[in-house]
Every structure is written in C-alpha cells, then in structure tokens.
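This report concerns only the one structure given below.
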Amino acid sequence: MSLSTSLLQSHQTMEGTVEEPEPRSYWRWSKNDFFPEQSFQNWNTYRSALSQTGIRFKDRILNRSTDSYELDVLQKQSENNMKRCLTWWDLIWLSFGSVVGTGIFVLTGQEAHNHAGPAVVLSYAISGLSALLSVFCYTEFAVEIPVAGGSFSYLRVELGDFVAFIAAGNILLEAVVGAAGLARSWTSYFATLINRDPDSLRIHVNNLAEGFNLLDPIAVVVLITVSTIATLGTRGTSNLNWIASVLSVILILFIIIAGFVKGNPSNLTPFIPKEAGGVFQAAAVLFWAYTGFDMVATMAEETKKPATDIPIGLIGSMSMITVVYCLMALSLCMMQKYTEIDVNAAFSIAFQSVGMKWTKYLVAAGALKGMTTGLLVGALGQARYTTQIARSHMIPPWFGLVHPKTGTPINATLFVTLTAACVGFFSSLDVLSSVSSLSTLFIFMLVAIALLVRRYYARDVTSKFDLCKLVLFLLMIVGSSIGTTLYYNHGANGWIGYVITIPFWVLGNMGIVIFLTQKRVPKIWGVPLVP
C-alpha cells in the first residue's frame, strides 16, 4: 500500500461517523518515509526483489507515465499541495532573474574580442533564437502537463522511465554543480567589488589537492541564505526577485544608454572581421548566457492559469532578454574597438576608456545581483525538480513532501542546498565548470525529441510500422546533427562532409512531414512549424 493511499483512509469512530485522519507531522524521519515499497520491508522481500531484477528492468525500460498520472496521482505523494500564486508577470521576472546573470558581463567581451567582433550582436541573436526554440518545447509541455517536474516529467511521459531516470541524474548533477559554481562566482565578484583579489576571501589549505584547497565559507552562507528565502514561500521569493530584477533593468538601461552616448559608431567597422565562422563560433559559447529558463518551467504547478501565463511568461521573457543582450553587446562594441576589448572585464574597462571609471562598481554590482537572483530562482527550480523525482520514488519520497504552511518542498530544498554547499565549499570554479556543461544541452535535446514523439506517437493508436518510421526519421535527424557537429569541430576545410550530413537532416524532417500524421494536436498552445 502506498503512503498516499494510507493517508487518505479514514476510520470509524465509536459514534459510527467517519473522520479524516489526523495530519502527520512534516518533520518526521521513519523508514517508511524513505523506503515505503514492499521490496524494502525485510531482507526476504529485498532478496526476492533482487531475483526479479531482469523483469523489473525490462518493465522500467518499456514503462511510460501519463499526463493524468503526473498531474493527479504523483502530486498526492507530497501530502500537501503547492500554492498556486504565480501569474505571467511573475514568470517573466523569474525567467529574467534566472537567465540574466554573469554571462552577459563575462562572455560578451570574450567573444567580441576573440571571434565575432562587433557582429557579436548577431551571435546573441542566433543564440537567442536557438534558446527560444527550446523555450517553445518547454512551453508546450508545461501548458499541458503543469507539474513541478519540468523536463523530468515530460520525458517520463513520452520517452519512458529509463530515459527519465538518466535525465534525473543529469538534472541533479546540474542542480548541485550549477549552484555550487554560481555561489563561488558570487564570492569572487564580491571580492572584486571591495577592491580585493578574487581568491582573497577564501581559505587556502596546503594539505588538500589542487582545485580543492581553496575553502569558500562565503559561498556556503550565500547558498543557505537564498535557499532559506526560497523555503519561506514562492510568492515572497517571486516578489523579492521582481524587485531585484527591476533594479537590474535600471542598471542595464544605464549601460546601454551610456554606451550609445559615449560610443563611436566607427568602432563597429569592420562589422564581421572573421566572417560567418566567427559569428557562429561565438554564438555557440553565448548560448550559455540564455540557460536557466528551464527552472521557470518547474513553476507550472504553482501558476494560477498555466494555459495563458506560461506562454506569455516564458516566451515573452526570452524575447525581451534577447533584445537586451543585443543592445548591451552593441553598446560595448561602440565604446571600444573589438581588438582593444578586455576579455576579463569588458564593460568596466570600456567605460574607463570613455572616462567613466566609477562605473566598474555598477558593473560588478550588476553581475553580483544577477548571480543572487540566479541562485534564488535556481533554489526554487532545483527543489521542484527534486520533488517530482522523489514523488516517482526514483529517490526516497521523503524529499517530495510539501510543507503544509509554506507550500514549499523544504526537504528537497535542503537536500540540494546542503549538497551544493559541500561541493562549493571545496571545489574550484575550474573543476565545477568542467562537469556542468553537457547535462544542460543533453536535457534540451531530449525534450525536443520528446515533443516529436508526443506529436506523432499515441499509445495504442500508432501502428508498429508508423512507430518504426518515426524512430528511423528521428535517428536520421539526431545522427546527421551529430555528424555535422563533429565535422565542423574537426576543423576540416571544405563542404564535402556537409553534403553528406545536411541532406540526411532534411530527409529526416521531410520524412516525418510526408509519411507520418500528427496523432496529437496541442489543446491550447503548441510549437509552430513542427517538425
């Protein structure tokens, strides 16, 4: 019997009336809260479960969840509901707070100087379009499956438990490593703001290995502080993020206007010094300045009107962010020739070159604010990912409990925060950045594939022949995409490789259009021009 079922049972009193069971304390710690399945009841049942590993593994690979199961059954595992308190306005600013961080201040100068020149504006536009395509996929899923699990739930419904299990590992890795890295960056920028060396506020321990010997207690304090705010209530956290984001917008507007006023249009020539290759090479790096929006998709369960609020919030915010990034990049390139841009402190040095030395403090403060709101929204999103993973019992369901008063998953928040704090206390940014990149794009790719499966495959409706055709066309699309990427990164000159890979990509898409029909049409909002 599941934990949720037992909680719903009522008992007969002496008078013959039916009473609701007394609510259980949120702060509890029993074996049943961590391992409620029959398999874990004793050693005999555990050995029996182990003997069925093959059958169970096959079942996990083939099993897929459903929209209704994710929406209704799993939510009851949390015992209490999250509070629906967010509107499209909140989602816009949560997305703004999670995305607009250090990326725009750090990556712009680096890519303008090294690869794109003034055409870094085009690189931002290309990256923004790419991010917007992912936002489209997340939006369609979030509207139809408005649960806290985000991409984990979408993959569980369309690609099955096994793929969702792999995605869950990537999500938890990204949550821990991302939060730890951002907290350590916070310490570095704070030290810069007070005119000290970035590592001056860390404790050096000679006996520890290189990369793990600079202890960062400030990162731990920052993580615990923002997570405490996140556990007190989603509404209050959203308001705080909104206030901080408005201040950030004022700062960004100042940078853009001052850049245009003090800048010289002659610095924009030549506009594309390293041709199209440099523009796209920069776009690949600048994509990371757009990541973080997936955290907002996990807030769907707390959104008042998911059908309208989510499309406006996610798509509206990403469109706004793209425009802001392009304008900031343009102002930077107008203030300084791209060959003279400092790759480490681009905006600060650019303003110094036009006689505004004091603005370095504004830039540092803006980056610090971006990291703080990124941590704040990240604490919300990461905990909700963890909650849905726990509801499905891929990790102990104790982490999926929602507090009755705050309406927030405190246990899940503590789990991610304390783990990230331990990692961030010891690990340097170099170590953390080396393991944080792949998981994000991997999840984005899986969500895009899941959307195509959702549109063209319906359980008990699609024939095996059509399923085989869909799998073939998807393999052609994914395989040709990987082939194109490998050929490009191999540095081979010429076009022979593209003549082979790109036609396969086109044929894969055309095959879906010509030989398959959509089995599911979005009820409210859908990605345009699928596939």
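Placed from the backbone N, Cα and C atoms, the Cβ positions cover glycine too.
Caution: TrEMBL annotation is automatic and unverified by curators.
Look at TrEMBL and you will find 86-107 (among others) tagged as transmembrane segment.
The transmembrane segment annotation in TrEMBL covers 119-141 (among others). Beyond the transmembrane segment (119-141), the same-chain residues lying 6 or more positions past its ends with a Cβ under 8 Å from any Cβ of the stretch are 108, 111-112, 150-151, 153-154, 271-273, 278-280, 282-284, 286-287, 289-291, 293-294, 297, 310-311, 314-315, 318-319, 321-322, 325-326, 329-330, 333, 338, 444, 447-448, 450-451, 454, 522, 525-528.
Residues annotated as transmembrane segment in TrEMBL: 162-183 (among others).
Taken from TrEMBL, the feature transmembrane segment applies to 214-233 (among others). Residues 83, 179-180, 183-184, 186-187, 190, 199, 201-205, 240, 372, 375-376, 379-380, 383, 403, 406-408, 410, 413-414, 416-417, 420-421, 424-426, 428 of the same chain, all 6+ positions outside the transmembrane segment (214-233), place their C-beta atoms under 8 angstroms from a C-beta of that stretch.
Look at TrEMBL and you will find 240-260 (among others) tagged as transmembrane segment.
Per TrEMBL, transmembrane segment is recorded for 280-300 (among others). Long-range contacts of the transmembrane segment (280-300) within the same chain, counting only residues at least 6 positions beyond its ends with a Cβ under 8 Å from a Cβ of the stretch, are 86, 91, 94-95, 98-99, 101, 103-104, 107-108, 110-112, 114-116, 119-120, 122-124, 126-128, 130-131, 134-135, 138-139, 141-143, 145-151, 234, 306, 310, 313-314, 317-318, 321-322, 325, 374, 377-378, 380-382, 384-385, 388, 437, 440, 443-444.
Only residues 6 or more beyond the boundaries of the transmembrane segment (312-332), in the same chain, are considered here, and those with a CB under 8 A from a CB of the stretch are 88-96, 99-100, 104, 108-109, 112, 118, 120-121, 123-125, 128-129, 131-132, 135-136, 138-139, 142, 252, 255-256, 258-260, 263, 268, 286, 289-290, 293, 296-297, 303, 341, 346-347, 350. Per TrEMBL, the feature transmembrane segment maps to 312-332 (among others).
Residues or ranges marked as transmembrane segment by TrEMBL: 361-385 (among others). Outside the transmembrane segment (361-385), and at least 6 residues removed from its termini, the chain residues within Cβ reach (under 8 Å) are 94, 97-102, 104-106, 148-150, 152, 171-172, 175, 178-179, 182-183, 185-186, 189-190, 192-193, 222-223, 226-227, 229-230, 234, 237, 240-241, 244-245, 247-248, 251-252, 254-255, 292, 294-299, 301, 345, 347-348, 351, 408-409, 412-413, 416-417.
According to TrEMBL, the feature transmembrane segment maps to 438-458 (among others).
TrEMBL lists 470-489 (among others) with the feature transmembrane segment.
According to TrEMBL, the feature transmembrane segment maps to 495-516 (among others). Panel annotation: around the transmembrane segment (495-516), residues 452, 456, 466, 469-470, 472-477, 479-481, 483-484, 487, 531 of the same chain, lying at least six beyond its termini, place a Cβ under 8 Å from a Cβ of the stretch.
Taking residue pairs at least 6 apart in sequence, the transmembrane segment (470-489) and the transmembrane segment (162-183) share fewer than three C-beta contacts under 8 angstroms. Remote same-chain residues near the transmembrane segment (438-458) are listed as 133-134, 137-138, 140-141, 151, 154-155, 157-159, 163, 167, 170-171, 173-174, 291, 294, 466-467, 470, 474, 478, 512, 516-520, 527, 530-531 (criterion: CB distance under 8 Å, separation of at least six residues from the stretch ends). Within its own chain, the transmembrane segment (470-489) is flanked in space by residues 445, 449, 452-453, 456-457, 462, 497-498, 500-502, 504-505, 507-509, 511-512, 515-516, which lie at least six positions past its ends and keep a Cβ under 8 Å from the stretch.
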